[in-house]
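Inspection log for the structure reproduced underneath, given as structure tokens.
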2 protein chains.
Amino acid sequence: MYVQDFADGGMDAADLLGGKGANLAEMTRLGLPVPPGFTITTAACVEYMRTGVVPPGLRVEVTTALRRLEDAGGRRLGDPDDPLLVSVRSGARFSMPGMMETILDVGLNDASVHGLAAQSGDERFAWDSYRRLVQMFGRTVLGIDGAAFADPLDAAKERTGVASDVELGADELRTLTATYLEIVRARSGRDFPQDPRDQLDAAIVAVLDSWNTDRARLYRRKERIPDDLGTAVNVCAMVFGNLGPDSGTGVAFTRDPATGRAGDYGDYLPNAQGEDVVAGIRNTSTLADLARLDPASYADLRRAMRRLETHYRDLCDVEFTIERGHLWMLQTRVGKRTAAAAFRIATQLVDEGIITLDEALTRVTGEQLTQLLFPRFDAAAERTVLARGLGASPGAAVGRAVFDPATAQEWAGRGEAVVLVRRETNPDDLGGMLAAVGILTARGGKTSHAAVVARGIGRTCVVGADAVDVDPSARAFRTDGRVIAEGDVIALDGGTGEVFLGDVPVIDSPVTLYLTDGVDAALAQAGEDDARALVGAVDRLLRHADAARRLGVRANADTADDAVRARELGAEGIGLARTEHMFLGERRVLIERAIVADDDAARQSAFDALLPLQRADVRGVLEAMDGLPTTIRLLDPPLHEFLPDLTDLAVRVAVADERGESDPDDVALLGAVRRMHEANPMLGLRGVRLGLVLPGLFALQIRAICDAVADLRAQGRDPHAEIMVPLVGSAQEMRLVRAQVEEISAEVGVRGLRVGTMIELPRAALTAARIAEVADFFSFGTNDLTQTVWGFSRDDVEGAFFPAYLDNGVLVVSPFETLDAVGVGRLVTLATREGRERRPDLVIGVCGEHGGDPESIRFFHDAGLDYVSCSPLRVPVARLEAGRAAVLTADRREDR
Amino acid sequence: MYVQDFADGGMDAADLLGGKGANLAEMTRLGLPVPPGFTITTAACVEYMRTGVVPPGLRVEVTTALRRLEDAGGRRLGDPDDPLLVSVRSGARFSMPGMMETILDVGLNDASVHGLAAQSGDERFAWDSYRRLVQMFGRTVLGIDGAAFADPLDAAKERTGVASDVELGADELRTLTATYLEIVRARSGRDFPQDPRDQLDAAIVAVLDSWNTDRARLYRRKERIPDDLGTAVNVCAMVFGNLGPDSGTGVAFTRDPATGRAGDYGDYLPNAQGEDVVAGIRNTSTLADLARLDPASYADLRRAMRRLETHYRDLCDVEFTIERGHLWMLQTRVGKRTAAAAFRIATQLVDEGIITLDEALTRVTGEQLTQLLFPRFDAAAERTVLARGLGASPGAAVGRAVFDPATAQEWAGRGEAVVLVRRETNPDDLGGMLAAVGILTARGGKTSHAAVVARGIGRTCVVGADAVDVDPSARAFRTDGRVIAEGDVIALDGGTGEVFLGDVPVIDSPVTLYLTDGVDAALAQAGEDDARALVGAVDRLLRHADAARRLGVRANADTADDAVRARELGAEGIGLARTEHMFLGERRVLIERAIVADDDAARQSAFDALLPLQRADVRGVLEAMDGLPTTIRLLDPPLHEFLPDLTDLAVRVAVADERGESDPDDVALLGAVRRMHEANPMLGLRGVRLGLVLPGLFALQIRAICDAVADLRAQGRDPHAEIMVPLVGSAQEMRLVRAQVEEISAEVGVRGLRVGTMIELPRAALTAARIAEVADFFSFGTNDLTQTVWGFSRDDVEGAFFPAYLDNGVLVVSPFETLDAVGVGRLVTLATREGRERRPDLVIGVCGEHGGDPESIRFFHDAGLDYVSCSPLRVPVARLEAGRAAVLTADRREDR
């Protein structure tokens, strides 16, 4: 059975019927006025793809379904006197731009066009319909370039002196139809099929073929839609919104999808067909106009929408047509909405008793919450769009255009907000990127260097604005005929990818205020009703998420300031306090000296100088997190981050030598750097290895932590320091560091320090049971784990080959953004299970960047982790997603 | 029960009794003349380690065992008239140098020494025994420096004008004993215990303590002996070989452990105690002398040895004492032997019907076979030992000493054999190491740079010869007072670590000739009987291994010459033919040009120039392996291996610029190299990534392979080319390359090419089931897999921290030498199981260097792999080890 009438289906058969077909069937089942029709199921498409031929039997099934359709409406396909016309539409399980969409008016030919004219009493309508059929069939079934049809249409309008299609009369349309039929013959080498059944069969095959176009395949790959689902084909009796002033067509939402306000919302176009609304050819009216023009049809529509919203228990959008005062529902689905609308609608539905709070939580996402946190441009303000690119890192940035990192830093240094504009960025631009409020590049995609770094450092970023022609030597860029020079003000919308000229007013997000200062402060500040309602909705859902979630949420924070911030945003501890930042800046020379030291005494003296600094740093973070667990990681980064760059130094020494100005210190340093140079620093002497090989390094850090804890305790504070050992690959490494901690903490007289390990090497995951014997906690370092599981370093491959890998389908998303569940995730699950088997009280978290990624958070919840740790700004997102994960899996905090 | 009499034990209780105790019990059970005694089991030691105190109850058990011992011999411990004396010896499950070994004559004191003198009728003997007890007790129980006792002994000899201890008379020994008792008092602060039971208890505790000395712990870590086994303590009634000419002591083997000749073999020392034999104080006689002196005792010994060999079914060594014409067996164990003896004895025992051929195979190892392959110094030749180091890479190398790599290359270039002598080597020495026949370093251990590289490139190497004082500027080294200058001839034994002066004659191995030219040629060449017997034994066991083994053995070979060699040595195919070697040398410029090319045309023209060269290379290998599977890997190495070094180039450009001689080509190249520079090339754009990102690269290689196959088939040859894709992390990568292979092979008209993948990334192993859907075979690249599982690169860490990691016990062996079964091996097992589940006919092999490592081969056998692939020279080793694995696990080729 490849064919099913609308009346026999429903949403439960969406896999077979596709989204569109299932929704049509659902509406039919609800008794809503859907024109009769049938769906050719995805099974037919799957079989067609497998064998390359239309399944035998499909033709017969279509014939019998068509008979039922003819009987239902009392019209026959191809009847010259009163023809049944049908639409043919693709409809996959998931909405898929890139596939053939629709052919309308199938069934018209040189004979039946007259019957349609007679029956409708509208000759112009009949020829317009025939003209459209030939055009759509020619373009989508026969693959003729659309321009071939557009040119004669323009010529006809010019000849008759009219501005739009609807002003063309029946005669012109008849002539145009003849021209179109000629074009089809000339371009395709055969006549437009006069047999309506041939038209129908060809349209069906065209839909099936459109499943496998390059565009459709690319789209699926990007959206992770399997290639073997296939599309359904919906064949539906035509109804007409263009039969006069008592006809029309529209698109409506059951609530406002932009703001989330309650009450219906939509566009209506009298005397028009659906494609006219979509094409935006004429200005549309609102539903209020419909209520005035045709109160009865409007009432029918309202009832239908209410019925649908009650049935789907969510915002719905619909397409409808009114044919001579009779409402027909042509399509419905759960509607898309903005982030703000998502939160408001979800809570409205709770208040209306339609969904539970749990369900409301599943209707919003962390990604949407993120969008609500960024300042945005005032929608009411005037603005001039200069160019469009890809929104790579969200936010609204306004500043003066600069074209090199040095200028960016210089101008920012004197207090100017600057936007760094580059063809593309590279690691040398980092200083400039940090100095800028926004980054604009002409090239690159969402995984380009600029995009990745900007997201990492929290700068607004638009990439791949290819209309922007950057000329760094002229300190200007050209776009669309304009020249923007250094110092001109531009604005970037990191969400939409738009680039504006001049200073566009920016509005701070009320949600940000809510998160940092609390609900009352935010409500007091939020002037407009929409903002107040939004704050209320976010507050309600976030509190519910906190109550429901099983995962704890900690923050990655290295300084006292960050820790304070994280705590405000709801962090329940620090999952990762890096100590390497404490070695940068002016102190770098000390650690450099320790590393290149020839003898233990020189090294120890450098460490001794570092101890009080490190102690103060640790103290600050512990003070800010008083009473909450604070995981401090011992020194991790590769050696070379603390040493001068080999190439730069070698060039300096060689040039000085050439000039006869050789500096013995430089020469000695070059020797040391050369000796310690690593071909692959990411795989070199770092983390616990450096700690075990460089005497005194870890001891310094452990002592600083113990001292800080002792100090704070002496003051009546309650520090909960946990020491985390990086890059552990074997239990013995942990054992050796643990022994150091025990020795030093006993010396300092500090008890109860917990010692755990990063799980960031495959070997640590594979030997988790052994490591659990000597670790109080695990924290997955999913960045490094991703690097080693895949064998690519983030530094090296994102720019070089991620774009190519996203195109060729090896990657569907950067595994550094969303956890690779199949590879990396498998090790996370395995280590969690085996670690807990050996030590049931093992605390397990994650502190890689995936800790703030919504999809990854769901994975960590499922894997049974105790907490996620993410950057402070992502903490609310993580709280929400953790709540959603709990609700979705019915595995909640209170159940434990 | 912590104590067991010898008469109650046996080998089955070796865990409790230790090796020595179990063997004593076993001999007792066989009815051989073992002095009565008892063993304190390892359980006592384990309990002692756990609690820190001697287990309560042990003292009582020792008392009752001692009573039984006293009753058996009719003497009492401490009886002043006729004392029982006992020896106390440690004896762990595994032989462990570093632990306290033996205290003899326990039970003597100021009173009983007179009883012993009276009973033995030999006053000198009594005082000598007492003197020895005080000395041994002082040194090993009380920890007094041995020199403290040696000095008075030397003084006594000088005073009396005698050369050796045995010439000292009773009076001198009595005086010496008094001196020793005084030394004990002065040094330890207390008197030598006169209570024999106190002596015994202290000796027992000393043995228990010796389990946990630093040396013992270090040894265990290196030998992978668990720390919690504990040692046993053997207490045995003393018998005396020094009671006159009808007494004596000796060490014997049931066969010659050096050559493997049949017939007993050993040393005998009349009128002496065991320690005199071990200490080598007097020249020993042979067993033939014993047969002449005391035919009855000799006959008893022969009977005992025959009994032991029949019982243990292997070569045994024994320690025995004859006390006034009565034979006593003091120790036995399965004896150590040379590699040649191992092969000969194993086949002799088969011929004598004592063991089966399968068992014989388990008695030899691949490592032993390796030793037999190297040329060796003529044992009969004169030689002068200059120094001793660690034998780091075997062989016998003779050449002129040179002290820098440039000289090594220059001299080697004019045909001189050179030995490169360095304090230690670094990567800059590689050229010199390749040019040399041997490498000698003053520093470094078996995992130092010199050791690792030398093994890798097959050069004889001695490292860590710390008596060698290298002065590179003087072009000389100094050792033991001699100066060896540049050009002087020296010789290195890479097995023993010895360094000789001058030209020592080298003998080629008859086993090498056998392997390359066959058994008849080898037998014809082998003059001496030993060599002939050895060739016969090796041939027999290797043939049996081939019949038994389930694992196939292939070779890693990149050139036709290597392939021919591999085939001679028994390779059943090529498991890894690298194509990158084909891009080196003069052709490097072509691949460099392709990589830095700005446009496709320039790149393609470089590829076009490479095609015929690549085709010829592939053809050569396929021709050599006609009829056998030949796995050709597509280009794998990191990008930078084909590009100039960034630092060198930057320096060149900067210096040229400074001189005003800037070369535009260099400047442009520097730009390209900078752009492509990777921070971690091992984790960068390489393998399949480069193939998918650089258009045309893999197509070139695939076309060359297809062309070569087509050519050879046209000539009636039977090439079995298999294309292997490197660095695959996901099934989609395989799918894309596979599509290229299918397209090109169809174009060329070549059918039946198999396409498979390296499994060298954790992700490939973790997703093996998916990859198996699109791969015909897997080949584990265990080098890269080790790098990513552990997260350290071989280049970076071996020198820097492996030595430290071997010392601190994180590593017990380099995971690049022997497969890390717990981490890397777990992924091998998992991928093998899951790959086969998805595709039962999947062929699975390994081509990393572990494919030639004996322990790893057993792992691969157990994991169910189809074959191992190793360097051609290791092929015979792999064949033997694969056979052993099959026999040991009863999982043989014929069973499948």
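Any Cβ shown, glycine's included, is placed from N, Cα and C.
Nobody curates TrEMBL annotations by hand; they come from automatic prediction.
Residues A:ARG578, A:ARG633, A:GLY781, A:THR782, A:ASN783, A:ASP784 are recorded by TrEMBL as substrate binders, and the candidate that the same record lists for that site, out of A:GLU592, A:GLU658, A:GLU760, is A:GLU760. With a threshold of 8 Å between Cβ atoms, the recorded positions A:HIS449, A:ARG578, A:ARG633, A:ASN783, A:ASP784, A:CYS847 that neighbour chain B are A:ASP784. Counting residues per DSSP class in helix, strand and coil order gives 21 helix, 29 strand, 31 coil for the domain 'PEP-utilising enzyme mobile' (A:417-497). Cβ atoms within 8 Å of the centroid of the Cβ atoms of A:ARG578, A:ARG633, A:GLU760, A:GLY781, A:THR782, A:ASN783, A:ASP784 (the substrate site) belong to the same-chain residues A:LEU576, A:ASP636, A:PRO726, A:MET758, A:SER779, A:PHE780, A:LEU785, A:CYS847, A:GLY848, site residues excluded.
Rounded to a whole value, the Cα-Cα separation of A:GLY781 (substrate binding site) and A:CYS847 (active site, proton donor) is 6 Å. Sequence-distant neighbours of the domain 'Pyruvate phosphate dikinase AMP/ATP-binding' (A:15-51) (same chain, 6+ residues past either end, Cβ-Cβ under 8 Å): 1-9, 58, 62, 65-66, 68-69, 72-73, 86, 89-95, 204, 208, 211-212, 228-239, 300, 304, 307-308, 311, 326-333. Residue counts for the domain 'Pyruvate phosphate dikinase AMP/ATP-binding' (A:15-51) under DSSP, helix first, then strand, then coil, are 25 helix, 4 strand, 8 coil.
Separating the Cα atoms of A:GLU760 (substrate binding site) and A:HIS449 (active site, tele-phosphohistidine intermediate) is a whole-number distance of 24 Å. Compared over the recorded positions A:HIS449, A:ARG633, the count of CB atoms lying within 10 A of a residue's CB peaks at A:ARG633.
Around A:GLY781 (substrate binding site), taking its Cβ as the centre, 28 other Cβ atoms fall within 10 Å, counting all chains. With a cut-off of 8 Å between CB atoms and residues at least 6 apart in sequence, the same chain places A:ARG554, A:ASN556, A:GLY575, A:LEU576, A:THR631, A:MET758, A:SER779, A:PHE780, A:GLY781, A:SER869 near A:CYS847 (active site, proton donor), listed in sequence order.
For the substrate site listed in the record, the two most distant Cα atoms among A:ARG578, A:ARG633, A:GLU760, A:GLY781, A:THR782, A:ASN783, A:ASP784 lie 15 Å apart. For A:ASN783 (substrate binding site), the Cβ neighbour count at a 10 Å cut-off comes to 15, with all displayed protein chains included.
Its Cβ placed at the centre, A:THR782 (substrate binding site) has 30 other Cβ atoms within 10 Å.
Between the alpha carbons (Cα) of A:HIS449 (active site, tele-phosphohistidine intermediate) and A:ASN783 (substrate binding site) lies a span of roughly 17 Å.
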